[in-house]
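**Student:** Quick paste of what TrEMBL says about this protein:
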type     : residues                                                       : note
ACT_SITE : His581                                                         : active site, proton donor
BINDING  : His581, Asn582, Trp583, Arg584, His585, Asp622, Asp732, Gln785 : AMP binding site
BINDING  : His585, His621, Asp622, Asp732                                 : Zn(2+) 1 binding site
BINDING  : Asp622                                                         : Zn(2+) 2 binding site
DOMAIN   : 505-828                                                        : domain 'PDEase'
Amino acid sequence: MDLDADEVERWLCEKAPQDLVDRVIRARLQHRTGSLTISRAKRGSMTSEMFNTWLASSPIKRSRSPNRVTRSSGEWRHHLGLLDEGELFMELIRDVSNELDIDVLCHKILVNVGILTRADRGSLFLVRGKHLVAKLFDVTVDTELSEAVHKAKEEEIQIPFGVGVAGTVAETKQVVNIRNAYQDPRFNREIDHMTGYTTNLILCVPICNYDNDVIGVAQIINKTDGSHSFTEHDVEIFQRYLTFCAIGIQNAQLFEKSIQEFQRNQMLLSLARSIFEEQNNLDCLVSKIMTQARDLIKCERCVVFLLDLECEEASHLEHFGAKPGNYSLEKKASTKNSTDTLAEEVAVTQEQQKDINFTTVFELGSELGVKKINKNVKPSKLLQIAQEVASSTQLLNIADVQVWAASLSRQPSMDSDDGCTDQVPIKSILCMPILNGKKDVIGVAQLINKETGFPFTDCDVATFEAFAIFCGLGIHNTQMYESACKLMAKQKVALECLSYHATASIDDTIKLAQDQIPSAETYNLYSFKFIDFDLSDDDTCKATIRMFLQCNLVQQFQIPYHVLCKWVLSVRKNYRPVKYHNWRHALNVAQTMFAMLKTGKMERFMSDLEILGLLVACLCHDLDHRGTNNAFQTKTESPLAILYTTSTMEHHHFDQCVMILNSDGNNIFQALSPEDYRCVMKLVENSILSTDLAMYFKKKNRFMEVVENGEFDWQSEEKKALLCGILMTACDVSAIAKPWEVQHKMAKLVADEFFDQGDLEKLQLNQQPMAMMDREKKDELPQMQVEFIDVICLPLYKVLCDTFPWITPLYEGTLENRKHWKDLAEKVEMGLTWIDHDKIEIPVEEFFTHKSTKDIEFTVTTLNTTQNSTKKSNTKVSKKHGKHT
């Protein structure tokens, strides 16, 4: 159809139906203004990118929808003027339906209400507790958003429920329509006096949510069309529009909370990163924490008090051994704002406050950097509040510090200045204890004066609580890191001292290095019937060196001879003079291993490196033995039992072995390659741990299974470790296979050491010891020896000699000794005793029943010398194992 625009327009005016004319006009307006109406297409989801873009933009920019013309433009007004009332109403509803910014939303509501009711200006109040807070005030149809927001933030207006027109509406939920404001007693004329504006008409309507709770109040003033009142129609339109707006306000408030939560989560993530980044520097960590807290919660100052760490450590030492939780402070969070309630719940005695000793304070103002005060914390309001919070572990949210202090009748120090002349006066404080993972108070954090001038809100409290948790973790971790560094330094010093005192002297080393080392035959080292009774202490060291020389280990692994001499002397020095598990026992175990390797021909299954490791393990397998077993360590909750939960003493023996090797001039492995060093240390560790009989019982069945399968190749790593472990047990109990005179004497030493442990169990633990450690049941020991041989020794030696026939002497010697023990057991059954009473030491309990218990001289017999000499020492009796010298 070839018609110009004028002819079409004339035809539409003369002949077209009215609804078609209206549709064409609207279509032309949409085309000309770029689609003035809001698109009703489904909105996309709020992606992270959109969310961050939304956060970055200002409310003014967000108020400008990209698909409509400017609201204040003439075209927008002209477009609205072409709509009938119903279409206008729906258009204005759509205008606010998708708005999430609370400032923009409230501005649109007031502007749209002004258009709908032809009101001159309006205000919108939102509920906060039992107050109305003016979100936007005196907004006209032409008021720009930036101007309205600035005006509202410049001076926040709060109206209590029931006060004034808006407060009455909020309390009664009833519409108020005033035709003469100056005649209504609820109207406040002061605002008109300040602004020069004359208020005549007021229409105030409550904004209620789905549950009919008041969430705000909207108020419009005066008409622009010359009317002398707001009509019933205006009231109806106003109420209907606010019904829809209530949904938008709630959505915007929820979105605002989600924004705050998002920002808080970002802050906590940033804080978590700071904890790991700055855990080696407490000052930097606290500075970051305080800066983030101040910026997030918008306060003027931030202060952190830290407790005296030295006092805390002393407190822990006083309670050493107490059950966890006996002295931990449990958090009792309380976010009270009532002065009277705080006065009752926060009051603590002066004695309790004196126990709180803050030695470090960090202060952060609005402009100055963080200021740190050490050891010189002066009395102040902040300090006294911090002491109360630390004592009670209660959170304090003080709206007015002066009123709070006066209500509690504080001392003059509470009313004095806080000592910071460059800071603004203290009005409100949010104070919270900083707790570590055990809920012990390690400090107190304070936020001072909100930038708005109002008290801290519940939202601030919730944010600060989360902040305090991270703050506690970060500060505690940093303090622990610093403490660990100090402990490592102390440990290094201690190791240096131990290295000096627990290793052989230079003179002794030189002497041994210069002495002639007798042959293996001289010491009878190849025999399974080796006896050390006739050897002096120096001879025991020479015999040890001879074993290394005879195995060609010194030359093979380039061990400096003076280093070997010093190491042997150091190992001997680190054995305590207990009755059985002493240096001589270690020598006997090492000699048995040497005899098994040479006479028993077990060296054909071992490499030179493994022979070296086995001899070292034998010599070190009972280092620093205390004469008590693993069960005793566990029962007494000794430090060793805390360090090692399984194979307690064996782990300690290996650690002592490593300590000696790491001491200056004692590393006999110094020429080994890294791989050889790793292998030999692994072998030494596994071999020493294998001397725990609990480990033997775990390995025995596996060893029996391998032997029964006819295994002849022991070179795989798993089978070699199994074989070495079994050989270590065989050597450890080899005293049972010695000639009867030696075995009988050794048994007395073992019994005496066991009886001492039994005495300690009765004395310290008030427990009845097992039979083999009960001095009162010493006559049952022969039968227990028979059981020990039958359960452990004979099965072990039988399978070994069946597999490796050259070690049969161990099996035969054990069988022979069993006969002797069996004979003694039968004599006990006949009423005879198996052992002379004078050979067994006096029970420890008898000393404590003696009349004089102050300084007692007692005799300790050490049966590990040639002359079986008796050494005497004056020792004060204590409840712990007596030291033997």
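In case you wondered, yes, glycine gets a Cβ from its N, Cα and C as well.
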**Student:** Going by C-alpha positions, which of the binding-site residues (His621, Asp622, Asp732, Gln785) is nearest His581 (active site, proton donor)?
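**Tutor:** Result: the closest of the binding-site residues to His581 (active site, proton donor) is Asp622.
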**Student:** Can you count the other CB atoms that lie within 10 A of the CB of Trp583 (AMP binding site)?
**Tutor:** 23
**Student:** Tally every other Cβ atom lying within 10 Å of the Cβ atom of Arg584 (AMP binding site).
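**Tutor:** I get 22 for this one.
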**Student:** Using the Cβ center of His585, His621, Asp622, Asp732 as the Zn(2+) 1 site position, which other residues in that chain lie within 8 Å, going by their Cβ?
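**Tutor:** Near the Zn(2+) 1 site, the remaining chain residues are His581, Ala586, Val589, Cys618, His625, Thr691.
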**Student:** What is the one among the binding-site residues Asn582, Gln785 whose Cβ has the most other Cβ atoms less than or equal to 10 Å away?
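**Tutor:** Of Asn582, Gln785, the one with the most crowded Cβ is Gln785.
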**Student:** Return the residues near Asp732 (AMP binding site) by Cβ distance under 8 Å, restricted to its own chain and a separation of at least 6 in sequence.
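**Tutor:** Correct list: Val589, His621, Thr691.
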**Student:** Just to be sure I understand the packing, how many Cβ atoms besides its own are within 10 Å of the Cβ of Asp622 (AMP binding site)?
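**Tutor:** Excluding its own Cβ, Asp622 (AMP binding site) sees 25 Cβ atoms within 10 Å.
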**Student:** Per residue, counting other C-beta atoms within 10 angstroms of the C-beta, which of the recorded positions His581, His585, His621 reaches the highest number?
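**Tutor:** That would be His621, with the most Cβ atoms nearby.
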**Student:** Mean pLDDT for the domain 'PDEase' (505-828), as a whole number?
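**Tutor:** 93, rounded to a whole number.
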